[in-house]
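This report concerns only the one structure given below.
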There are 2 protein chains.
Amino acid sequence: MDRALTLALRGPAHGPNPRVGCVLLGPPAPTGDRPVLGEGWHRGAGTPHAEVDALAAARARGHDTRGATAVVTLEPCNHTGRTGPCAQALLAAGITHVEHAIPDPGTTSGGGAQTLREHGVTVTTGTRAAQALELVRHWHHALTHHRPWVTLKTATTLDGRVAAPDGTSRWITGTAARTHAHTVRATVDAIAVTTGTALTDDPALTARTPDGHLAAHQPLRVVVGHRDLPPDARLHGAGGPLLHLRTHDVHHVLATLHEHETRHLLVEGGPALAGALLTHGLVDELHAYLAPVLLGAGPTAVTPFGITTLADAPRWHTTTTHRLGDDLLLVARATPTTEA
Amino acid sequence: MDRALTLALRGPAHGPNPRVGCVLLGPPAPTGDRPVLGEGWHRGAGTPHAEVDALAAARARGHDTRGATAVVTLEPCNHTGRTGPCAQALLAAGITHVEHAIPDPGTTSGGGAQTLREHGVTVTTGTRAAQALELVRHWHHALTHHRPWVTLKTATTLDGRVAAPDGTSRWITGTAARTHAHTVRATVDAIAVTTGTALTDDPALTARTPDGHLAAHQPLRVVVGHRDLPPDARLHGAGGPLLHLRTHDVHHVLATLHEHETRHLLVEGGPALAGALLTHGLVDELHAYLAPVLLGAGPTAVTPFGITTLADAPRWHTTTTHRLGDDLLLVARATPTTEA
């Protein structure tokens, strides 16, 4: 399963589908070792699922997969979507045992284990479940909660300012932090800002490599609010598609993005959008970039969102911290990470 | 010199005197090794200086110190203060070579190297100078700038709040961060708050061990402002001496504390005192404790201190970051730390 998890990581972090890895093992040799017949992983929507990829690899090497075991990081799917059902492919290949780390929560894709069992395949689950869930947390969250995983990014001074009193905000954080933020953009499905932020900062919302080129994957660019963008806005330039949602209803925003199969939304501002999401408990993860600067005045990252007393403030659970030059990134989640 | 630096660390971090370590080395043996005749370190004001301590240790072991080398982390002192001058003690002991890491910046205590040279002792300096300076930075800063090293402590949410809108602030940070803050208190000479903070929060400003007992060293407690404290204020309870400075002039505060031989002042609030110190560039180090909480509203750690545009905001230099449970401590200095 550890190998299958490693294979899964070769897939893209973004996209509508989860990252999945699969290892096909033959019957034990006299030494007790089980030969690896084939390995596979999912490369993104429209390409073969990990199980089918592993079966193809085994066949390409001339291996007989009858009686083999499939070790896969996620329950094999049961439905025909962009590709055929993996449960059927495994049955057709004569696989007799399947070990999967976590069940598929999808109402249409789930049920593969049941189908396999009905055809006489033994199916076990639960090995490395925490790691497997962590690997697919955005997708899993979206299928479970019917909305994207929402990461709120802030870039502030130590006293919580996103700009000085005169509005200057470039750059609060340093090069290392900004480079890191671009690597995160290259892993998400969509980035949202308000029209206010779009009009004030004229951001491009592109994912760029450290040398300034556009990254291979560009997230959907989402602008939330009623005002029009000027024709020469950088958001109209090169980058991901632009979606202008003329609403202030964050539930509507997330429902629309869910229809777009957005699994991971990165919210980069402004303070009113952050506040609205927090009001409704719709932020799953914080990325707080902090620069060692004090301003004493200036706008803050989040508008008031209904907290009047400390006991009512949600406590976030810090997952990691990164030193980025003189700056710091604190990553925290609304719910504690399951111990791996 | 590394051994001398290690010995120096045995001394207290607080107090009017610097931490100093000394190793006495005899002439080289035929193998080239130089025997250690004695080791010493300074245990705080009123006790022997490191050189005298090392000479005593050598004598106690029956060693002849004539012709020996003294390796010491700071230039031997030249004046009679609470104890006699080390330069004279080294001459009397027949020391013929002195290696010290950094010169003594004191107008009365400095000059030991010159005295030694005038009496035929060879004196070299500069080995491990950065580490030696780091070790005595509060004292060195006080003697150079005629005011204490000022550390500003803040304990805030990720959006820079020190309290919720209703004033609740206990506890923004968690147990690990609060325990850490008490260990810092036990190393400083004085802690300052405003009368506003004293009246609002009724802090004790004591240094406590994790089990709640008073630490061995209690810093001077300083309250800045004009208002009286109530007779039952916790500041009147067990802890360090209380000094009420009825002024808003931060220069006057620091000058008074310098007269008290305060080398390291920890400022814990309120926002106006922090702002006043920042206005005048009088903060040397920041200790920013950050809790993974967002409030959206509430008072911030620092009042406006004259910054209107980002380019005018001082950039701090991050020295270390510590994860403390879910919280984070960022330590930054006004000037970059010399590379060790």
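Cβ coordinates come from backbone N, Cα and C, glycine included.
The active site, proton donor annotation in TrEMBL covers A:Glu51. The Zn(2+) binding site feature in TrEMBL is assigned to A:His49, A:Cys77, A:Cys86. Here TrEMBL flags A:Ala155, A:Ser169, A:Trp171, A:Thr197, A:Asp201, A:Gly270, A:Pro271, A:Ala272, A:Leu273, A:Ala274, A:Gly275, A:Ala276 as NADP(+) binding site. Here TrEMBL flags A:Arg185, A:Leu205, A:Arg208, A:Glu268 as substrate binding site. Annotation comment: TrEMBL describes A:1-124 as domain 'CMP/dCMP-type deaminase'.
Using a cut-off of under 8 A between C-beta atoms, the recorded positions A:Glu51, A:Cys77, A:Leu273, A:Gly275 that neighbour chain B are A:Gly275.
Comparing A:Cys77 (Zn(2+) binding site) with the residue listed as 'active site, proton donor', their Cα atoms are 9 Å apart once rounded. Following the DSSP three-state reduction, the secondary structure of A:Pro271 (NADP(+) binding site) is helix. Listed in sequence order, A:Val162, A:Ile172, A:Thr173, A:Ala177, A:Ala181, A:Tyr289, A:Ala291, A:Ala301 are the same-chain residues at least 6 apart in sequence whose CB falls under 8 Å from the CB of A:Ala155 (NADP(+) binding site). Annotation: A:His49 carries the greatest number of neighbouring Cβ atoms among the binding-site residues A:His49, A:Arg185, A:Arg208 [cut-off 10 Å, Cβ to Cβ]. Note: A:Gly275 (NADP(+) binding site) has non-local neighbours A:Val302, A:Thr303, A:Pro304, A:Phe305, i.e. same-chain residues 6+ apart with C-beta under 8 A of its own C-beta. Around the Cβ of the residue listed as 'active site, proton donor', 30 further Cβ atoms fall within 10 Å across all displayed protein chains. The Cβ of A:Pro271 (NADP(+) binding site) lies under 8 Å from the Cβ of A:Val162, A:Pro299, A:Thr300, A:Ala301, A:Val302, A:Thr303, each of these being in the same chain and 6 or more residues away along the sequence.
Here the domain 'CMP/dCMP-type deaminase' (A:1-124) returns a mean pLDDT of 93 for the predicted model.
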